[in-house]
Amino acid sequence: AFLVPYLFFMPYVSLFPVGAFLVPYLFFMVIAGMPLFYMELALGQYNREGAAGVWKICPIFKGVGFTVILISLYVGFYYNVIIAWALFYLFSSFTGELPWVHCNNTWNSPNCSDLWAFNNSLNDTHKSTPAAEYFERGVLHLQDSEGIADLGLPRWQLTSCLAVVIVVLYFSLWKGVKTSGKVVWITATMPYVVLTVLLLRGVTLPGAMDGIKAYLSVDFLRLCEPQVWIDAATQICFSLGVGFGVLIAFSSYNKFSNNCYRDAIITSSINSLTSFFSGFVIFSFLGYMSHKHSVPLDKVATDGPGLVFIIYPEAIATLPGSSVWAVIFFIMLLTLGIDSAMGGMESVITGLMDEFKFLHKHRELFTLFIVVSTFLISLFCVTNGGIYVFTLLDHFAAGTSILFGVLIEAIGIAWFYGVDRFSDDIEEMIGQRPGLYWRLCWKFVSPCFLLFMVVVSFATFNPPNYGTYTFPIWANMIGWCLAISSMTMVPLYAIYKMCTLPGKFCDRLAYAITPEHEHHLVDNGEVRRFTLQHWMVI
């Protein structure tokens, strides 16, 4: 199984005490996370195809395959930039004194307050720490941009780091799982070693226990807040990687008789336990920062890039031998990022190669084309105003669209292909039929959960912002076009399929919703999906 732990990139664990967050998190994990994870593993393993090719089981839904491929491609446009930032920080850590310790650097502003001398820097809204200014002014050069309409040219330092990332990704992917399967032994295991080392160090810091107590505190009143449930459900989808085509792509390389049920249980459980474990690391350092600055924990905690590239570097800078700890930390981030990026790129490459067979003969060239394309688009994110492009992509590329894609995928498999047929396929592979619980989740519980999430995501939509910067209307329109472009693949391909099939409308519909290997039955007038029994069976 291909494990992609989103340890420090998970956005919600730092925002809620786990006592309140864990209840909805575990609930959604059981009713949706594991069933959908199991479904995608089995789908890819049985059909031996990528995200688009698997829809020979119900041709009219092939558009959802292109939806998830596009989403993975869009995510690659900005996700590689995170890895480039981590690489830049890694290079900057090979020094006697870390560059985000003091305010006497060329990039610092008059508002910078020295980390060591200004004890209440986090309390003063007019002040900023050296770590914050290093990220925004020293790395991003945000001071040279007035907004998304004023991007400037790509910064050569970040461009160089991004190029290194792209080269590493290419040589990790160019031979397919022959190379990525070997690389992942390092990238998927290294973070656990580093996390353990950081935890052992973190719990020895003053205030660490206060942070861990806050992490484990139980506030059941928070369960009455809809946002806690929404965030927990969203975290499940993103942490397990459901809907990105990654699981389908990698499971398509499994042996036909591989026990995908065992893989689904073990991998999804390890993923959740990893997130829970990493929370101890995060909150031990947040507790330390809270103690050091004498401010409440919620004033220190943040999510997104701020946690990884501001709070953590600031905490590490206060430790003895800070340069060593910084190198260890950013090596971990690099392995995490490359691990995840490999999965996303492989889902795009495998999905398109399985759909367009002639590409199999040109794997190396096609992989080069994909990674170079992502590099060129990513250049917008390494300009002076690149953080605005990054934020826009992060907000729109894989939000509502990924939930929509998984919803259509669940409906297509459980209802149109048939949960009973899908169960037969699994039994053929592993020798045992999925239990009633899994079939009920696939047919009723998971689709209802996903439909609820799609509706809520539209109803609770908030425009993106970066700090105090508000994006203009035209930028939000571009973001929505990006999100809609992937979602429209579903209806567009369905229309295309219906228009290209021969016969009357009913005949076209019959061919479109019947597995390709059963089209001879449609020729004889036997259309199982036109019977009530098909829709009622579980």
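A Cβ is built for glycine as well, from the same backbone N, Cα and C atoms used for every other residue.
Lifted from TrEMBL, the feature list:
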- 12-38: transmembrane segment (TRANSMEM)
- 64-91: transmembrane segment (TRANSMEM)
- 156-173: transmembrane segment (TRANSMEM)
- 185-208: transmembrane segment (TRANSMEM)
- 228-250: transmembrane segment (TRANSMEM)
- 270-289: transmembrane segment (TRANSMEM)
- 324-344: transmembrane segment (TRANSMEM)
- 365-390: transmembrane segment (TRANSMEM)
- 396-419: transmembrane segment (TRANSMEM)
- 440-461: transmembrane segment (TRANSMEM)
- 473-495: transmembrane segment (TRANSMEM)
Any contact between the transmembrane segment (270-289) and the transmembrane segment (185-208)? By contact I mean 3+ C-beta pairs closer than 8 Å, pairs at least 6 apart along the chain.
yes
Sequence-remote contacts (6 or more beyond its ends) of the transmembrane segment (440-461), Cβ cut-off under 8 Å?
28, 31-32, 35-36, 39, 226-227, 230, 233-234, 237, 399-400, 403-404, 406-407, 410-411, 413-415, 419, 422, 538
Considering only the recorded stretches 185-208, 228-250, 396-419, 473-495, state which has the highest number of Cβ pairs under 8 Å to the transmembrane segment (324-344).
185-208
